[in-house]
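Structure first, then comments.
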Amino acid sequence: MQLKDAQLFRQQAYINGEWLDADNGQTIKVTNPATGEVIGTVPKMGTAETRRAIEAADKALPAWRALTAKERSAKLRRWFELMIENQDDLARLMTTEQGKPLAEAKGEIAYAASFIEWFAEEAKRIYGDTIPGHQPDKRLIVIKQPIGVTAAITPWNFPAAMITRKAGPALAAGCTMVLKPASQTPYSALALVELAHRAGIPAGVLSVVTGSAGEVGGELTGNSLVRKLSFTGSTEIGRQLMEECAKDIKKVSLELGGNAPFIVFDDADLDKAVEGAIISKYRNNGQTCVCANRIYVQDGVYDAFAEKLAAAVAKLKIGNGLEEGTTTGPLIDGKAVAKVQEHIEDAVSKGAKVLSGGKLIEGNFFEPTILVDVPKTAAVAKEETFGPLAPLFRFKDEAEVIAMSNDTEFGLASYFYARDMSRVFRVAEALEYGMVGINTGLISNEVAPFGGIKASGLGREGSKYGIEDYLEIKYLCISV
């Protein structure tokens with residue numbers, strides 16, 4: 001792999017300021033999803049190494065939380081600057097291990113860095129309260145303190161941003177963190193922690209443990225020194241982790257599955273709706289928890305929208321993310337390909353028609369697909385595809401589409417396009433989702449609270465609210 005700074009390609013885990021192999025010497029192979037080639041290996045660590053990382057985090061905690069907010073902020077600010085300075089290398093690493101086009105990878109690095117920049121400033125805005133006393137001789141004060149040692153388990157689809165959204169607020173609050181990245185995409189995490197080290201983040205404050213999900217995750221949830229876990233991934237695994245954390249009453253933040261509706265009303269600007277659908281559906285090849293999974297189009301504009309969407313999809317260029325001009329890379333692996341094929345076959349068997357795409361090209365490359373006349377009984381109406389499949393459902397009126405949109409256990413992101421302002425407010429308030437994109441298909445940023453309701457999770461990331469999950473509220477009652 002050709003990088004300007006070869007030291008960013010790390011094949012060891014980072015624990016307590018040291019680059020280490022697994023105790024037993026075992027490794028995990030990391031492959032390029034575009035070529036199938038082995039990029040390298042990382043240590044297959046387990047319980048013992050994870051425990052040492054947690055103990056190092058606990059040992060580093062007193063000194064880190066004792067720093068002033070301004071001192072922690074300065075170190076985070078330097079980490080942000082190093083990410084921007086090394087954006088090209090970080091993006092190339094990401095594209096190689098994850099597959100997304102280089103332009104998207106560069107965008108993710110900027111997005112990931114924005115959380116470090118934001119929380120570097122939020123570190124200095126952790127305010128308490130003074131409450132009027134309930135008696136003349138009482139003074140009531142509320143302060144906020146770091147929760148302690150924290151843990152994070154992050155996914156492969158956004159291997160940099162999902163880390164900084166968690167590590168940024170944790171470190172800003174004065175907490176320490178042990179991170180377990182996805183085994184498919186560990187190199188982005190290891191490069192980020194190398195830059196954190198260069199930024200002056202002390203040993204033990206941020207460690208990265210690669211290896212067995214069961215053993216590493218089990219120690220993170222089972223070790224009583226860990227006071228909070230943040231996880232991004234499937235609802236099934238989120239439930240399991242929540243159960244494991246219950247033993248020690250750990251604080252838990254969960255960003256789980258989604259099944260986002262994307263609604264096009266008959267008064268929408270169709271060109272803008274198509275533009276938003278392309279961004280929402282096909283960004284990262286549909287492998288995002290907030291991507292449009294169900295596209296609902298009102299009867300009067302259904303055919304026109306489908307035609308315009310097909311024309312836009314035809315312009316997408318599929319290929320290796322490192323090749324210039326590529327807009328759509330591979331899916332992460334064969335299981336992801338199989339899920340897309342399964343949803344297409346199920347929908348077609350129930351009456352849907354393939355308007356465009358629908359076929360495997362080779363390896364992990366799959367054609368961006370549009371299905372029309374999709375019935376409500378299709379699996380894709382209930383299940384998250386996590387791939388480049390856009391199923392178009394018809395609807396008659398506002399009440400019908402709101403009912404269909406809310407008919408799911410998930411509640412992460414939703415989108416709709418409309419011009420009528422009364423409708424905008426009615427629909428936005430009626431949709432049972434943590435986030436609503438109105439006349440836009442791209443809603444994620446560092447200043448807004450990201451998170452879902454129902455089975456899509458607990459807590460929020462980003463924004464002024466993101467740091468709250470890493471703080472404990474303490475009330476002081478003073479007699480004067």
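Cβ coordinates are placed from backbone N, Cα and C, and glycine is handled just like the others.
Summary of the site annotation: Swiss-Prot records NADP(+) binding at Trp156, Asn157, Lys180, Pro181, Ala182, Ser183, Gly233, Ser234, Glu384. Screening the candidates Leu140, Leu206, Leu256 against this entry identifies Leu256 as the one listed for that site.
The number of other Cβ atoms within 10 Å of the Cβ belonging to Cys289 (active site, nucleophile), over all protein chains shown, comes to 27.
Cβ-based crowding with a 10 Å cutoff singles out Leu256 as the top-ranked of the binding-site residues Ala182, Leu256.
According to its DSSP assignment, Lys180 (NADP(+) binding site) is in a strand. Its own atom aside, the Cβ of Gly233 (NADP(+) binding site) has 22 Cβ atoms within 10 angstroms in the protein chains shown. Note: the CA-CA distance between Lys180 (NADP(+) binding site) and Cys289 (active site, nucleophile) rounds to 19 Å.
Separation of the C-alpha atoms of Ala182 (NADP(+) binding site) and Glu255 (active site, proton acceptor): 15 Å, rounded to the nearest whole number.
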